[in-house]
Amino acid sequence: CNIFYLVHCRALIFPLLIREGKPTPFFTFVLALLFCVYNGYLQGRSLSNYAKYPSDWLKHPCFITGFIGWLIGMAINIHSDHILRNLRKPGETGYKIPRGGMFEYVSGANFFGEILEWFGFALACCTIESLAFALCTLFILGSRAKQHHQ
């Protein structure tokens, strides 16, 4: 399960791919960084020190379903980020409604993908810490998705 968390480091790459945008306030950046560092530590410690899995865990329906959910969620997230990055041509400003991919079904497809990703992670890992992270993701990104939808 640690590999799920490590692969998600694409979050470090996404900001470098953004062409233009509003600057992130430093305090927000620091809070996000602290959350990610603490959560990474919590997930890693939980999985390496406390989680116990049977030898055939990789064949268990919980792991398989969780892995597929994580993979689909990450694909939706990456594709949605790509659509968002390419909404405006260079020099263009103003609000644009994203089209394509999961944006045809939900207004916050990037948020939906990330929520699905972390609930898949929680199901694959079956730890209270991974479930807590998935719930935090749901509440935080769910409120942002609602705000963006309005």
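Using N, Cα and C of the backbone, Cβ positions are placed for all residues, glycine too.
Since the structure is predicted, the reported quantities are computational estimates derived from the model, not experimental observations.
Pulled from TrEMBL, these are the features on record:
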DOMAIN    23-150  domain '3-oxo-5-alpha-steroid 4-dehydrogenase C-terminal'
TRANSMEM  24-41  transmembrane segment
TRANSMEM  62-80  transmembrane segment
TRANSMEM  118-141  transmembrane segment
Take the domain '3-oxo-5-alpha-steroid 4-dehydrogenase C-terminal' (23-150) and average the pLDDT across it for me.
-> 90
Per-state residue totals over the domain '3-oxo-5-alpha-steroid 4-dehydrogenase C-terminal' (23-150) - DSSP helix, strand, coil = 96 helix, 0 strand, 32 coil
